[in-house]
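Everything on this sheet refers to the single structure shown next.
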Amino acid sequence: MSVYDKHQALSGLTLGKPTPYHDRYDAALLQPVPRSLNRDPLGIHPDSLPFHGADIWTLYELSWLNNRGVPQVAVGEMHLNAESLNLIESKSFKLYLNSFNQTTFDSWESVRATLANDLAHCAQGDVSITLFKLSELEGQPLAGFTGECIDDQDIQIDSYDFNADYLATNEQDAPVVEETLVSHLLKSNCLITHQPDWGSVQIHYRGKRINREALLRYIISFRHHNEFHEQCVERIFNDIMRYYQPEKLSVYARYTRRGGLDINPWRSNTAFNAPNGRLPRQ
């Protein structure tokens, strides 16, 4: 369980409540969640972030009317800088996008600029938006995380409660390595509704070798944990830094879509490329 799931800052969210749908443009539908809610308990301060990164969103259900009344459709890609004051609550994002459905825009650029302006205002941070025609995406192959998958270890799991102390199981004389580890067993739950969130996570680091059994147990322990996607990734980054102090660390998670949106946060303390390739479950 999160220590802040009843915080006053969350009380006004539409998430988990019956909500009418609007098909006329309304930027006020967007709702922010302060990043400080999970960062403060982790000791992460906005003036000295231990990482850089972004939340990459894919917008699959985006439509509007052109100036002749003909519906237009696109797939959108948003990159929200991790230095923003707020993350964007996903149900409100879905409702906001739905408000474009019967709204007329003069051009694709007008749609893109409107999205970028509204989302940056809500998040209080830098946002980039790209819109793709469906023909630009046809035939694209499924992607995969590079790295060694740790999921096939022959271990016994008896607890599914979050426990960062699994990472305390490390070798004092472990050699320094640089490697990339991958797990597809990340599952957490929405902070508010407790609906399941399914994801894959890639961890690239340089430092003392991470105990792979300990890491897998740690990842599986998120199974009953209630936090938003972005918060889980920052918790993973913070916990690995706390227990292993790697020289370099990058954590990238890609979650399955819900409500026409998928969220793919990454955090890193080094140069890192986060390709937005769709994984098999996405």
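A Cβ is built for glycine as well, from the same backbone N, Cα and C atoms used for every other residue.
The secondary structure of Cys190 (active site, thioimide intermediate), as reduced to three states from DSSP, is coil rather than helix or strand. Per Swiss-Prot, the feature active site, thioimide intermediate maps to Cys190.
For Asp197 (active site, proton donor), the same-chain residues that are 6 or more apart in sequence and have a Cβ closer than 8 Å to its Cβ are Lys187, Ser188, Asn189, Cys190, His229, Cys232, Tyr255, Thr256, Arg258. The active site, proton donor annotation in Swiss-Prot covers Asp197, and the record cites sequence analysis as its basis.
Annotation source Swiss-Prot lists substrate binding site at Ile88, Glu89, Ser90, His229, Glu230, citing sequence analysis. According to DSSP, Glu230 (substrate binding site) is assigned to a helical segment. Sequence-distant contacts of Glu230 (substrate binding site), defined as residues of its own chain at least six apart whose C-beta falls under 8 angstroms from its C-beta, comprise Arg35, Asp55, Ala82, Leu87, Ile263, Pro265.
The NADPH binding site annotation in Swiss-Prot covers Ser90, Lys91, Arg258, Gly259 and rests on sequence analysis.
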When a 10 Å sphere is centred on the Cβ of Gly259 (NADPH binding site), how many other Cβ atoms does it contain?
14
Validating a neighbour-count step here. Other CB atoms within 10 A of the CB of Cys190 (active site, thioimide intermediate): how many?
19
Taking each of the binding-site residues Lys91, His229, Arg258 in turn and counting other Cβ atoms within 10 Å of its Cβ, which one has the fewest?
Arg258
Where does Glu89 (substrate binding site) sit in DSSP terms: helix, strand, or coil?
coil
Assigned conformation of Gly259 (NADPH binding site) - DSSP reduced to three states:
coil
I'm trying to understand the geometry here, so how far is the Cα atom of Ile88 (substrate binding site) from the Cα atom of Gly259 (NADPH binding site), in Å to the nearest whole number?
14
